[in-house]
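**Student:** Take this structure first; my questions come after.
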Amino acid sequence: MPSLPEAVTVRAAAKVNLELLVGPRDASGYHALATVFQAVSLYDDVTVRRARRCSLTVAGRDAEHVPTDESNLAWRAVIAVGEGHPEAGPVAISIAKDIPVAGGMAGGSADGAAALVAADALWGVGLSRTELHRLAAGLGADVPFSVLGGTAIGTGRGDELAPAMARGSYHWVFAFSDEGLSTPRVFAELDRLRAERGEDVSAPAQQQPEPEVSTAMMTALLSGDAEAVGQAMHNDLQEAALSLQPRLVDTLAIGQECGALGGIVSGSGPTCAFLAASHEHALDLAVALTASGVASDVRRAQGPVPGARLIHPGKEQ
Ligand SMILES: C[C@](O)(CO)[C@H](O)COP(=O)(O)OP(=O)(O)OC[C@H]1O[C@@H](n2ccc(N)nc2=O)[C@H](O)[C@@H]1O
Ligand SMILES: Nc1ncnc2c1ncn2[C@@H]1O[C@H](COP(=O)(O)OP(=O)(O)OP(=O)(O)O)[C@@H](O)[C@H]1O
């Protein structure tokens, strides 16, 4: 039997929701979703190393805002994989972050997904896909997609996944905000806005139709038509994110003025995601967004990219 490694590094990508439809809230406080996820080329790297005692360190973008205790999703992931496996011992976890924290791009979920895959490889647990999915869904609604990557449809809490029939590669520009948004707070704000309009936000699910991804988005992805994808982009959480951070309206307006094929708040925000027509168009959009001063940082990325994957399986000396 080949010997197991001393350390493993796994890379996991950020996501954008091309379409995000939010249905009613159930008794557990979660909302029924229909979403199209796409993994994009902004990455966190998680290294899990055998150690005498457990520890966690974080470096990179927004590192100071990331918890370094057992509440970190990477720590929780390692514990989840180790349960019931005597070969699991203490590990030192180090996270190199490039995905913004509380940015609506599943940064914490990426770290959780990466740590699941890393711990599995470190200890040679040999998790099945079903088992990996179960552990991922137990960590958070976005974690299963962070494991899978690519372009996928999410239903249920967003954790029931089916790969989407999608062609083409997409050029993205992301405008970050210096102030994060808490995901539960954004869902709660959407409920508040809906209740204010007289909509029933927590009716029993069977009395309200489940949200469904639009035919327009599925057809656009199938044909790889970026312009049609841009037109079909939609996020039900956007009004709530704009209500909590009104200055995002300016960010979205700049993208629109610069001819973005589509511009929406990414997930629960506050990051704004713009779809560009080409590499050159993405450069122009990024320059315009940077010059306008509306964003704390602007980054370009490509999608789709793979989910959590081993980048350093080698044995350490
Ligand atoms: C907004 C999205 O990023 C879109 O992909 C996700 O729905 C959020 O996924 P996540 O951050 O992994 O979510 P979790 O950590 O599981 O849940 C955080 C909180 O978000 C809210 N939440 C999340 C998912 C969902 N389907 N309904 C919800 O209402 C709940 O208040 C929950 O307590
Ligand atoms: N590894 C982690 N990286 C970042 N935040 C983490 C991590 N583990 C736990 N957290 C906590 O989770 C909160 C949300 O962080 P995260 O970056 O995942 O938000 P998000 O990208 O908006 O999430 P999503 O898009 O999945 O809704 C943070 O404020 C932090 O307290």
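Each residue, glycine too, has its Cβ placed from N, Cα and C.
As annotated in TrEMBL:
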{"type": "ACT_SITE", "residues": "Lys15", "note": "active site"}
{"type": "ACT_SITE", "residues": "Asp142", "note": "active site"}
{"type": "BINDING", "residues": "Pro100, Val101, Ala102, Gly103, Gly104, Met105, Ala106, Gly107, Gly108, Ser109, Ala110", "note": "ATP binding site"}
{"type": "DOMAIN", "residues": "72-150", "note": "domain 'GHMP kinase N-terminal'"}
{"type": "DOMAIN", "residues": "217-293", "note": "domain 'GHMP kinase C-terminal'"}
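Describe the structural context of each listed feature in the structure shown, including burial, neighbouring residues and relevant distances.
**Tutor:** Annotation for Lys15 (active site): spatial neighbours Phe37, Gln38, Ala39, Val40, Met105, Ala106, Ser109, Ala110, Asp142, Phe145, Ser146, Gly267, criterion Cβ-Cβ under 8 Å with sequence separation of six or more.
When secondary structure is read from DSSP and collapsed to three states, Ala106 (ATP binding site) falls in the coil class.
In the domain 'GHMP kinase N-terminal' (72-150), helix, strand and coil residues by DSSP number 44 helix, 8 strand, 27 coil.
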**Student:** Mind giving me a neighbour count for Ala106 (ATP binding site)? Other Cβ atoms within 10 Å of its Cβ, every protein chain shown.
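**Tutor:** Other Cβ atoms found within 10 Å: 31.
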**Student:** Just name the winner among Ala102, Ala110 (the binding-site residues) by count of other CB atoms within 10 A of its CB.
**Tutor:** Ala110
**Student:** Please check each of the recorded positions Pro100, Ala102, Ala110, Asp142 and report the ones with a CB atom less than 6 Å from an atom of ligand 1, ordered along the sequence.
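**Tutor:** Passing the 6 Å Cβ check against ligand 1: Asp142.
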**Student:** Among Lys15, Pro100, Ala110, which recorded positions lie by ligand 2, judged by Cβ under 6 Å to any atom?
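**Tutor:** None, as no Cβ falls under 6 Å.
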